Amino acid sequence: MAEDHGSSRHMSSMSMSHKELGDDDARVVHVGDADRTNERLEFAGNAVRTAKYSPLTFLPRNLFEQFHRLAYIYFLVIAVLNQLPQLAVFGRGASVMPLALVLAVTAVKDAYEDWRRHRSDRAENNRLAAVLSPGAGAQFVPTEWKHVRVGDVVRVGANESPPADMVLLATSDTTGVAYVQTLNLDGESNLKTRYAKQETLTTPLEHLAGTVVRCERPNRNIYGFQANLELQGESRRIPLGPSNILLRGCDLKNTSWAVGVVVYAGRETKAMLNNAGTPTKRSRVETQMNRETLFLSGILIVLCSAVATLTGVWLRTHQADLELAQFFHKKDYLKVGKDGNENYNYYGIAAQIVFNFLMAVIVFQIMIPISLYISMELVRLGQAYFMIRDAKLYDASTDSRFQCRALNINEDLGQVKCVFSDKTGTLTQNKMEFRCASIDGVDYSDVARQRPVEGEPAWVPKVPVNVDREVMELVRNGGATEQGMNAGEFFLALATCNTIVPLIVDGPDPKKKVIDYQGESPDEQALVSAAAAYGFVLVERSSGHIVIDVLGQKQRFDVLGLHEFDSDRKRMSVIIG
């Protein structure tokens with residue numbers, strides 16, 4: 001009865017999902033027929049662009065972003081005022097050169113950063129993918145990523161990334177399981193499982209013509225996917241979920257190959273929809289400089305207002321002497337107009353007050369030094385160079401150096417006071433180590449007894465584990481005792497009750513086989529590595545069975561059922577036979 005109620009609830013939820021995914025709102029994808037898929041509505045191409053500028057938009061957009069700095073607006077006003085004959089204090093070219101120089105230096109820096117983005121985009125779009133071509137005898141032909149379209153059937157190899165979001169049709173595993181790493185999507189390095197439906201797994205690709213995938217419209221949710229599959233000649237709809245889709249940006253691991261049909265391409269992929277574009281970043285120093293510029297501008301206005309006010313007082317006091325003033329001629333006696341002598345260098349008291357105010361602004365412009373901005377840009381370039389070349393910031397394991405992607409926020413690195421994190425794995429290595437255990441109520445936590453594994457074991461976990469000598473003696477020689485049997489069952493449970501995928505890698509000693517355990521949880525990796533150190537080595541896993549080397553003897557266990565860990569049960573269960 002419980003199983004029946006469970007299946008009825010499952011069918012009810014599926015029918016509700018089908019109602020939610022209406023035919024009007026669904027995207028219809030014809031498997032292997034990109035022309036028919038894009039016939040009625042042309043979907044987005046697979047070319048992506050993360051660069052901020054283009055040759056046409058670089059100059060206006062870059063200038064617009066640079067003039068968010070208030071000081072640049074101030075220097076532009078000074079340069080414009082100095083071009084007027086009535087207000088010219090310095091040479092016209094001299095007033096423009098400092099601003100032009102700082103704008104040019106910043107523009108060159110921004111152009112270089114964007115050129116690197118364009119180069120990365122070209123490399124990404126020109127990568128090759130194996131696309132099924134019906135015209136080539138149903139063979140996979142190399143195709144550039146930018147030419148992949150919705151509806152194409154794509155084959156992805158081991159350690160490769162899919163060119164677009166695609167629904168799994170088949171994998172190298174006979175049960176349709178594929179393992180992916182979503183490090184570039186959500187920052188998690190643990191492996192996740194994806195599945196191909198049995199209906200498509202057992203059908204040759206050339207017989208999938210006419211198969212239709214109806215999926216939801218593109219959205220940003222990388223953890224959700226709603227779709228159904230309709231095989232040709234069948235009326236039923238096969239439900240698809242998040243476990244049936246490979247997203248662009250993930251890597252295929254521990255799986256020789258996987259084949260899928262593209263449902264979202266280019267800017268409509270979930271990875272690109274979550275990419276908000278290249279933001280314009282400003283450091284705290286730059287924000288503080290904007291505030292200081294406003295403060296100094298206020299002082300400047302006060303000083304210039306005082307100069308203009310005193311100019312008005314002086315003009316009114318010496319109004320009778322202006323005609324013959326040595327540096328201030330009110331009338332030009334060399335030119336005689338119709339109404340007598342013309343005004344030479346005088347526009348009235350009100351106009352003279354305004355002119356003197358603006359001339360004072362030009363004279364006092366040194367209060368806001370433009371050379372400071374030039375110095376800051378040059379210092380940032382130097383900081384980036386030294387950070388990139390710093391030997392202490394070099395990672396030998398990945399052969400990668402420190403990368404300075406945004407030169408505008410270098411100085412913020414030295415101003416970090418507090419770091420808030422949602423979990424420990426964000427800032428730490430997220431490594432778990434097996435230290436000790438309590439088996440059947442007996443505490444084996446004496447650290448003094450722990451030593452590295454002795455002897456020459458045939459299988460060696462990649463992560464070394466110290467073992468308890470007493471427990472090791474129980475496992476090897478105490479099998480006939482109750483305590484020894486409990487210890488053996490304990491480590492056998494650790495080796496079987498998990499979702500770890502063993503990967504055989506080359507080690508320094510060719511006589512020893514090194515096993516790298518990949519899994520969704522570092523806790524599982526630590527527990528399985530501990531079981532391997534005590535002689536219970538997980539050496540093979542498929543969706544239907546596992547193989548464990550128990551103290552030198554390989555044993556095969558069929559996985560009949562698996563209940564993964566959840567927060568409600570706070571445990572994981574496996575049924576093996």
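Count begins at 1; order follows the chain as displayed.
Every residue gets a Cβ built from N, Cα and C, even glycine.
Note that the coordinates shown come from a computational prediction; the quantities given were computed from them, not determined experimentally.
Marked as domain 'P-type ATPase N-terminal' by TrEMBL: 29-93. Summarised by DSSP class, the composition of the domain 'P-type ATPase N-terminal' (29-93) is 30 helix, 2 strand, 33 coil.
Note on the transmembrane segment (294-315): residues 70, 74, 322, 349, 352-354, 356-358, 360-361, 364, 367-368 of its chain, located 6 or more positions outside it, place their CB under 8 angstroms from a CB of the stretch. The transmembrane segment annotation in TrEMBL covers 294-315 (among others).
Residues or ranges marked as transmembrane segment in TrEMBL: 349-374 (among others). Outside the transmembrane segment (349-374) by six or more residues, the chain places 69, 71-72, 74-75, 77-78, 81-82, 86-87, 89-90, 95, 98-99, 101-102, 105, 289, 293, 296-297, 299-300, 303-305, 307-309, 311-312, 315-316, 319 with a CB less than 8 A from a CB of the stretch.
Annotation for F565 (ATP binding site): same-chain Cβ neighbours under 8 Å, separated by at least 6 residues, are S521, R571, M572. Annotated ATP binding site per TrEMBL: D422, K423, T424, E524, F565, in sequence order.
Residues or ranges marked as active site, 4-aspartylphosphate intermediate by TrEMBL: D422.
In sequence order, N498, T499, I500, Y517 constitute the residues six or more apart from E524 (ATP binding site) in its chain with CB-CB distances below 8 Å.
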